[in-house]
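Working notes, structure below.
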Amino acid sequence: MVEQDFELLQEGDEEENSDLVQFEEESSWSLIKRLGAGASCGFLLGFETVVFVGLRPLVQSELGISCFALENLLSFFPLALMGTPLVLGSQLPKHLQNFSKLPFFLFCGILFVSSGLLVIRSANLYSIFFGQLLAGVGISGLILLHMEYLVNISTPIHRGKTVGSIQLGVGIGVTFAHLMDIIFSSTPGGYKYAFVFLPVVASILVVIFVAIQDPLPTMNTQIPFKKGGSLPWILGGGLVILQQCSGEPNVLYYAKEIFERLGFCDGVRASSAAFSVSFVQIVASGISLFLVDRMGRRLILIFGTLAMTLSTGLLSIEELSSGREWEPPICRNNYTFNYDAVPETCNEESPKKFEVIVLISLVFYVFSYSMSLGTVSWILISELSKCVANPFKFIGWILSINWMCRLLIYETFYEATSIV
């Protein structure tokens, strides 16, 4: 009798263990799907932001447009990125309290797919303008909805991975954009070929998002703020402003031009150096996904900021000792009046030693930023969003502040460097 009871108890334990294994497998699969969705969002954002910057001379020569029109073209995307989260975050929550956000996610995905098709089929400047506008609205809506979704389903043990996957995707997108610059910069109509795969990636992202609609427990924050207070808004806004003012976005998005101004006069060499820097961001973001939940935010931030300070200090000392001067392109310098000016090209090669130090400094800087501030800031913002009454509105406003700072830095980058 006792042996029979023991056998029944053992069978019950085995069934319980099998259920536990099945739950762990489902949980791991759900995590993989969420990581894939976050990386896909980041990829679309990183690629769309950088690809036209690298292919700018080709676009200008192909379409025969003025420098002023080209600058406005490049500004359309961050302008749409800035406005969309502000509108969505302020208006949509009133109508979505009892409805799924999936239709809006599908709508944003369709907008982004349409933007890629418009650029591929573009015959004039206006179609590219409209395509950039649709791309900004589409990817901004995708990231806003995905961030809010991740905030509501992420468990504390995987919070860093799920939110940090977007930063990893941005690095992959930026790297791919620099690769497209190397391949298509001298190909007629090359900017159209660079956009061929974007509708495919956007479609895959929508499919992944549909697949991750699984009921998971909402994450619980331990930050002692009362909902409805202003402190989370101040901290969240301060984090994104600090991110943009750190200079890392300029290093990634203007990497090719920075290397050209620092003596990498050959366009292929400058693009290759920019590619290597952006590839380092992928490696650093991937490492941070596994370390941020184990080492803690504070230790990673301290290490990252110290390393960023060291690398920028080394670069500044080497630049000052070289005696080189940064001359902003005519296209950027007072471009309101120089409508047809063409950007100046590099005409002074630097010593190999100087180029090596510059490359190492920028690689170390990007690695440190991606390991710390780039990933941890958005994890903290996701946690802060649980401390306000309307997380969707909070994330929308923070994203708008982020892109407003990006647009401001973008418009003043060359003027600021010429003053310094």
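Using the three backbone atoms N, Cα and C, a Cβ is placed for every residue, glycine included.
Taken from TrEMBL, the feature domain 'Major facilitator superfamily (MFS) profile' applies to 34-420. Taken from TrEMBL, the feature transmembrane segment applies to 35-53, 73-90, 102-120, 126-145, 166-187, 193-212, 273-292, 299-317, 357-380, 392-410.
Against the transmembrane segment (166-187), stretch 35-53 shows more Cβ pairs under 8 Å than any other of 35-53, 102-120, 273-292, 299-317. Outside the transmembrane segment (73-90) by six or more residues, the chain places 48-49, 52-53, 56, 59, 65, 125, 128-129, 132-137, 139-141, 143-144, 392-400, 403-404, 406-407, 410-411 with a CB less than 8 A from a CB of the stretch. Taking Cβ pairs closer than 8 Å, the transmembrane segment (299-317) reaches residues 246-248, 288, 291-292, 357-358, 361-362, 364-365, 367-369, 371-373, 376 in its own chain, all 6 or more past its ends. Within the chain, the transmembrane segment (357-380) has long-range Cβ neighbours (under 8 A, six or more residues past its boundaries) at 147, 159-160, 163-164, 166-167, 171, 235-236, 239-240, 242-243, 246, 248, 251-252, 255, 258-259, 262-263, 273, 276-278, 280-281, 283-285, 287-289, 291-292, 297, 300-301, 303-305, 307-308, 310-312, 314-315, 318-319, 350. As a whole-number mean, the pLDDT of the domain 'Major facilitator superfamily (MFS) profile' (34-420) in this prediction is 72. When each of 102-120, 126-145, 273-292 is checked for Cβ pairs under 8 Å to the transmembrane segment (392-410), 126-145 comes out on top.
Listed as Cβ neighbours of the transmembrane segment (126-145) (distance under 8 Å, sequence separation of 6 or more from its ends, same chain) are residues 41, 44-45, 48, 52, 59, 63, 72-73, 76-81, 84-85, 88-89, 101, 104-105, 107-116, 118-119, 166, 202, 205, 392, 395-396, 399, 403.
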